[in-house]
Amino acid sequence: QQHILMHQESKTHQCLHCDHKSSNSSDLKRHIISVHTKDYPHKCDMCDKGFHRPSELKKHVAVHKGKKLHQCRHCDFKIADPFVLSRHILSVHTKDLPFRCKRCKKGFKLQMELKKHMKTHSGRKVYQCEYCEYSTTDASGFKRHVISIHTKDYPHRCEFCKKGFRRPSEKNQHILRHHKDIGLP
């Protein structure tokens, strides 16, 4: 018991999201990435499942050994999971998705969805607003968005884009700069 206690006392790096403690910062970082983030950069080509680390992906790929691949009848896409194939056909090969990604041909109903999707090709982290459809790869721009659009400290709202301002003069200046074709009310 004393030996176990010694290991627990050496864990000085506390996770801010749960009770987990690590003995060094790299272990804590690994814990946060694997438990508390939704970012799975290493994708399986056979079933589209994502993983935090390449080693996890490599282990997962072994699951598919010997499984039959399902071929898309419209393109070269192959996948082990038939459900993922049907999702692929719906998103890539249907006419009711007018906004197409030029890189992977995936389709979207709204241009805003396509814009968000395009950021996945950049390899940069995408910040998604939990209150609206806004997303960006710019952390400071994301913070500005949440503060100016979703807090009560900015009571003077632009009628055109809903951005908030502390003073009416700031709002009017914004309208002149960003909505000049519409003009002041």
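Glycine is treated like the rest: Cβ placed from N, Cα and C.
Copied over from TrEMBL:
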DOMAIN    13-41  domain 'C2H2-type'
DOMAIN    42-69  domain 'C2H2-type'
DOMAIN    70-98  domain 'C2H2-type'
DOMAIN    99-126  domain 'C2H2-type'
DOMAIN    127-155  domain 'C2H2-type'
Sequence-remote partners of the domain 'C2H2-type' (99-126) [C-beta within less than 8 Å, at least six residues beyond its ends]: 39, 41, 75, 91-93, 133, 135-137, 139
Other parts of the chain folded back onto the domain 'C2H2-type' (127-155), taken as Cβ under 8 Å at six or more residues beyond its ends: 112, 115-116, 119, 162-166
Residue counts (helix, strand, coil, in that order) that DSSP gives for the domain 'C2H2-type' (70-98): 12 helix, 4 strand, 13 coil
Stretch-averaged pLDDT - the domain 'C2H2-type' (99-126): 78
